[in-house]
Amino acid sequence: MTTTVLDHPLVHHKLSLIRDRKTPGSLFRTLIEEVGLLLAVEATRTLPVEPVVIETPLERTESQRLRQLDPVLVPVLRAGLGLLPSFLRLLPTAKVGHLGLYRDHDSLVPVPYYRNFPPLLEARPVFVLDPMLATGGSASEAVRQLKGAGAANLTLVAVLAAPEGLRRLQEDHPDLRIIVGAVDRQLNEKGYILPGLGDAGDRLFGTA
Ligand code: PRP
Ligand code: URA
């Protein structure tokens, strides 16, 4: 498993605002999108390109374009929706799959409730979007379902990760690539990331 932690002044700055309990929901959403853009730049670094000949206003030249088969973005509902606009901004023709999972409050085991994946998963790079990697149960289940549907080139994108979640994914999916904004200290007894940012879904959608 390869894990890339974005070490960038803008990520540090924006994360300090995202973590702040006083940051209102509208700004929280904007900041998640902004960090999402920075994560998207790193996550898309390995996308395949192919040569193309174009004509500039001055001459013919060889350039590069993304391979024709579009990548797939899979936000894990709900909080993964917060990262989707950033990825669609950079990859406007990407296909979008949806996966609904919620963590059972007591067992912390993810409960699947919705799934809709685009075709040709096996041939496309797939980006799983979820701001929070806590126990790793939800991400592991998302990757398991996508592999079961044929996906072979998988990248998980998260804003914050706990060491416990990274260890779980290393065990369950050693072939996974992970791009994350920061790795925090630990989980608390309720499975929340410390210091963390609280409940990402509730803060994004005002349901606290
Ligand atoms: C949150 C988060 C992840 C999951 C992470 O979702 O968005 O999907 O918890 O926790 P884990 O690594 O321990 O599985 P939640 O279940 O709260 O649902 P929501 O996005 O609908 O709020
Ligand atoms: N899900 C969240 O939204 N926050 C956490 O800290 C852990 C799981």
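Even glycines carry a Cβ here, placed using N, Cα and C.
TrEMBL entries are annotated by machine, without manual review.
According to TrEMBL, the features are:
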type	residues	note
BINDING	R78, R103, D130, P131, M132, L133, A134, T135, G136, G137, S138, D199	5-phospho-alpha-D-ribose 1-diphosphate binding site
BINDING	I193, G198, D199, A200	uracil binding site
DOMAIN	5-207	domain 'Phosphoribosyltransferase'
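Features per TrEMBL, on structure.
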| residue | record | DSSP (3 states) |
| --- | --- | --- |
| R78 | 5-phospho-alpha-D-ribose 1-diphosphate binding site | coil |
| D130 | 5-phospho-alpha-D-ribose 1-diphosphate binding site | coil |
| G136 | 5-phospho-alpha-D-ribose 1-diphosphate binding site | coil |
| I193 | uracil binding site | strand |
| G198 | uracil binding site | coil |
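Comparing Cβ neighbour counts within 10 Å across the binding-site residues D130, D199, the minimum falls on D199. I193 (uracil binding site) has a Cβ environment of 26 other Cβ atoms inside 10 Å. Within 10 Å of A134 (5-phospho-alpha-D-ribose 1-diphosphate binding site), counting CA to CA, the binding-site residues I193, G198, D199, A200 contribute I193. Taken in sequence order, the binding-site residues D130, M132, G136 that lie near ligand 2, meaning a CB under 6 Å from one of its atoms, are M132.
Residues M132, L160, Y192, G196, L197, G201, D202, R203 surround the recorded uracil site, their Cβ atoms falling within 8 Å of the Cβ centroid of I193, G198, D199, A200, which are themselves excluded. Here the candidates are the binding-site residues M132, G136, S138. The one whose C-alpha lies nearest to that of G198 (uracil binding site) is M132. Ranking the binding-site residues I193, D199, A200 by the distance of their Cα atoms from the Cα of R78 (5-phospho-alpha-D-ribose 1-diphosphate binding site) places A200 first.
Taking a C-beta cut-off of under 8 angstroms and a sequence separation of 6 or more, S138 (5-phospho-alpha-D-ribose 1-diphosphate binding site) has the following same-chain neighbours: V76, L101, R103, P110, D130.
With respect to ligand 1, the binding-site residues S138, I193, G198, A200 contribute S138, A200 as residues with a C-beta closer than 6 angstroms to one of its atoms, given in sequence order.
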